[in-house]
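Contents: one structure, followed by commentary.
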Amino acid sequence: MGFLKWVLAFSTLCTFLATPILSDSLLNKQQLANISANFLNSAKSPDLFDWMVKIRRTIHENPELGFEEFETSKIIRNELDKMRISYKYPVAVTGVVGFIGTGKPPFVALRADMDALPIQEEVEWEHKSKIPGKMHSCGHDAHVAMLLGAAKILQEQRDDLQGTILLVFQPAEEGGGGAKKMLESGILDNVDAIFGLHISAIHPIGTVTASSGPIMASSGFFEAVIKGKGGHAAIPQHTIDPILAASNIIVSLQQLVSREADPLDSQVVTVAKFKGGGAFNVIPDSVTIGGTFRALSKEGFSQLKQRIAEVITRQAAVQRCNATVDFDTKNRPFYPVTVNNKALHEHFQNVAGQMLGIDKIIENKPTMDAEDFSFFAEAFPGYFYLLGMVDETKGVFVLGHSPFYRVNEDALPYGVALHASLVTTYLLEHQLKSATRDQSVHDEL
Ligand SMILES: [Zn+2]
Ligand SMILES: [Zn+2]
């Protein structure tokens with residue numbers, strides 16, 4: 001009998017005999033502590049750790065960009081095959097969804113992203129990227145390894161699970177909207193809740209960072225071509241200068257946040273691209289500008305989008321230019337605001353608090369970066385948190401998307417144990433709630 005069965009038998013008894021210690025949980029502190037301690041022990045076992053590290057390093061050496069994660073996906077499927085975990089493939093080109101448990105509701109999901117970035121690795125180490133110009137510099141290799149680690153320890157408890165755990169390995173988080181494609185496949189239609197994590201180069205190892213409500217911004221990109229009439233730089237009266245028009249457009253765009261947005265609704269508009277002209281004495285025919293816009297509310301985001309298009313086209317007209325604006329949503333879908341579900345936040349605090357200590361849960365301030373986990377969290381209750389990995393004795397850890405990015409592999413067991421504990425206790429709680437409901441119905445008869 002697995003340890004879950006013992007916990008469950010004990011818990012069911014407690015539900016009817018005692019008041020749970022945690023008001024929003026049917027499992028009491030001791031039971032939660034037992035489950036998380038058991039999973040953390042399993043996750044820290046040298047065999048599991050070494051196996052995970054090996055997988056992570058193999059993936060790190062062979063990074064693949066969004067929707068091209070064929071080899072990464074193959075590694076995942078090979079490991080799932082060895083564990084005798086059934087799965088669906090392909091989902092959204094390279095995605096894999098594994099299943100552990102009864103195959104029946106409730107369905108609770110864990111998510112890992114698989115893609116790398118178009119960056120040349122500058123870290124000199126034994127397992128440096130073998131693919132020129134591509135690198136896992138956001139830690140998604142570690143995310144895959146942790147979800148496989150969780151799969152392994154959850155599979156050992158499969159007979160005691162009352163419900164189904166979905167292992168969601170998704171492609172193309174870095175701008176491609178892989179999560180959106182996974183949802184469109186329909187395979188996640190019945191999911192009741194989903195948890196995801198991102199390894200963090202800011203927070204200490206053994207800590208997690210989380211909060212309820214909006215945690216990351218809605219995000220979109222735009223590109224505009226401003227057309228004028230090129231000519232001699234010394235005879236401007238015979239030209240229509242798109243450089244001047246583009247410059248005025250950029251200044252006007254900066255006023256959207258400062259003058260039109262509610263100061264309490266955080267927004268960003270950044271023009272990060274400006275291409276026009278190639279000579280000192282030639283006014284070009286056209287200029288291309290591009291950038292990103294962000295907001296922490298749906299309303300703020302849609303207003304920004306509308307006003308960016310208006311400002312670009314109308315400000316161009318002031319300087320006699322024509323402008324077209326492309327949001328390129330086909331290749332870069334708008335990401336929604338990432339919103340953490342309140343009930344799942346309480347669940348997370350109970351579980352992580354018992355495993356790591358309540359003082360190891362750091363309150364998260366919303367940021368203006370974006371995560372395509374937001375698509376999942378928009379479709380059903382979702383919860384996303386950061387897993388600290390910083391250990392100053394192991395050198396400096398830089399933020400993701402840097403050629404000098406490193407992962408502290410010592411953090412992997414924490415991610416594994418949190419993954420496993422969050423979904424297992426979610427299913428147990430659900431089971432206990434059903435049992436309580438049945439009991440109360442019975443009492444009334
Ligand atoms: Zn990233
Ligand atoms: Zn990332």
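Glycine residues also receive a Cβ, built from the backbone N, Cα and C atoms like all the rest.
Annotation note: Cys138 (Mn(2+) binding site) sits in a coil segment as assigned by DSSP. There are 24 other Cβ atoms within 10 Å of the Cβ belonging to Cys138 (Mn(2+) binding site). The Mn(2+) binding site annotation in TrEMBL covers Cys138, His140, Glu174, His198, His401.
The domain 'Peptidase M20 dimerisation' annotation in TrEMBL covers 222-316. Summarised as a single figure, the pLDDT of the domain 'Peptidase M20 dimerisation' (222-316) averages 97.
Residues or ranges marked as signal peptide in TrEMBL: 1-23.
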Quick one: give me the count of other CB atoms within 10 A of the CB of His401 (Mn(2+) binding site).
13
Among the binding-site residues His140, His198, the one whose Cβ has the most other Cβ atoms within 10 Å is His140
Taking the center of the Cβ atoms of Cys138, His140, Glu174, His198, His401 at the recorded Mn(2+) site, which other residues in this chain have a Cβ no more than 8 Å from that point?
Asp113, Asp115, Leu117, His136, Ser137, Gly139, Glu173, Gly400
Kindly point out which of the binding-site residues Cys138, His140, Glu174, His198 have a C-beta less than 6 Å from some atom of ligand 1.
Cys138, Glu174
Sorted by position, what residues of the same chain at least six away from Glu174 (Mn(2+) binding site) have a C-beta under 8 A from it?
Leu65, Gly66, Asp115, Leu117, Cys138
